[in-house]
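Taken verbatim from TrEMBL:
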type: DOMAIN; residues: 4-373; note: domain 'Amino acid transporter transmembrane'
type: TRANSMEM; residues: 23-44; note: transmembrane segment
type: TRANSMEM; residues: 71-91; note: transmembrane segment
type: TRANSMEM; residues: 103-126; note: transmembrane segment
type: TRANSMEM; residues: 138-161; note: transmembrane segment
type: TRANSMEM; residues: 181-200; note: transmembrane segment
type: TRANSMEM; residues: 212-232; note: transmembrane segment
type: TRANSMEM; residues: 252-274; note: transmembrane segment
type: TRANSMEM; residues: 295-316; note: transmembrane segment
type: TRANSMEM; residues: 322-343; note: transmembrane segment
type: TRANSMEM; residues: 355-374; note: transmembrane segment
Amino acid sequence: YAGINVLCGVGILSTPYAIKQGGWLGLVILVVFALLAWYTGVLLRRCLDSKEGLQTYPDIGHAAFGTTGRIAISIILYVELYACCIEYLILESDNLSKLFPNVHLSIGGLTINSHVFFAILTTLVVMPTTWLRDLTCLSYISAGGVVASILVVICLCWIGVVDHVGFENKGTALNLPGIPIAIGLYGYCYSGHGVFPNIYSSLKNRNQFPSILFTCIGFSTILFTAAAVMGYKMFGEATESQFTLNLPENLVVSKIAVWATVANPITKYALTITPLAMSLEELLPRSQQKYSNIILLRSALVVSTLIIALSVPFFALVMALIGSLFAMLVTYILPCACFLAILKAKATWYQTATCSFIIAVGVTCACVGTYSSLSGIVQNYAT
């Protein structure tokens, strides 16, 4: 259940847009990524079992490449978490401004539009949750993310079938120029590997991990595919970066879908930012590690995500960038690299060849996808 909760996040909202970018054949990428994600998840398990005391992803990095490996993997994981928090704020701003498009705030001669207003409001709402020492309550609430994702897909199906929006759009089979963005969006869907070692370490029967992982990834892939196909068939070339932005505003089911989407990131924000916050707190001198200073540090961290979210308000492009760069590293490249470094002497020729192939695919996707995402962000600024 925890594995599904990790995977079924905001990535599902952009799967129809990924088809718009890459065409129907781009769905093959989603399936391939799912299979490779399962395989690399099993490789992480092999790494954890290679030595006593390994429990986390940074532990695996240390076993593979020493202190440098631990530091590098920790930085990558923390930056990925930070980028996800930025994405949460962009998502909240987009969806709340859809619900309340006329909301604005005038201060003197300055007028704040609905997008900026709701980004600031969301920041003010989530900030106190980041001050909590015990996040157990939020972790239980955020587990509702699975329910929210299923609910959103059900609402999408309901609007298409019951409310007669229909599934008439045919689309294109393949759109090569959009494939790099589609790669990033599909890659984002499988960016849960940073947590998989912790899940494995907490299992009572660890031999079940491969089957549990397969079930989690399989179920999530079915949800991603269902949302992608229905969303694109309904909205075609008009598909927005989040399909919730396409839903008819006058329908009750649309409002349910949007509110389910809005509620999910608010509960996950604190859980996502806390590991990074705790690592920064450890850098403070012991005399300065007071609760008041910790609140200031965490508040500054939250405000920094707001500033970047307002500076780069391009949901799909930011998601594609995270998926292309960080997901490729954490999900595909690093598990294979660590496996080869730790267990190369015991690995079969087939495992070595497979890992080398996955690393080559991951590096290629990372380079192509990151370049396209950054180019898209620059072009959006230019226009």
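Keep in mind that glycine also has a Cβ here, set from the backbone N, Cα and C atoms.
In TrEMBL, annotation is done automatically, which means it is predicted and not curated.
Panel annotation: around the transmembrane segment (212-232), residues 3-4, 7-8, 11-13, 15-20, 27, 30-31, 34, 37-38, 41-42, 149-150, 152-153, 156-157, 160, 167, 169, 171, 189-190, 196, 203, 239, 243, 246 of the same chain, lying at least six beyond its termini, place a Cβ under 8 Å from a Cβ of the stretch. If you look at the transmembrane segment (71-91) against the transmembrane segment (252-274), you find at least three C-beta pairs under 8 angstroms, all six or more positions apart, and that counts as contact. Here the transmembrane segment (322-343) sits apart from the transmembrane segment (295-316); fewer than 3 CB pairs are under 8 Å, leaving out pairs fewer than 6 apart in sequence. The highest tally of CB pairs under 8 A with the transmembrane segment (103-126), across 138-161, 295-316, 355-374, is held by 295-316. In summary, the transmembrane segment (138-161) lies against the transmembrane segment (252-274): three or more C-beta pairs, each 6 or more positions apart in sequence, are under 8 Å. Under 8 Å from some Cβ of the transmembrane segment (181-200) lie the Cβ atoms of residues 2-3, 6-7, 11-12, 14-15, 17-19, 21-22, 26, 29-30, 33-34, 37, 40-41, 44-45, 48, 54-57, 59-60, 77, 80-81, 206, 209, 213, 217, 220, 224, 316-317, 319-324, 326-328, 330-331, 335, 365, 368-370, 372-373, 376, all in the same chain and six or more residues away from its ends.
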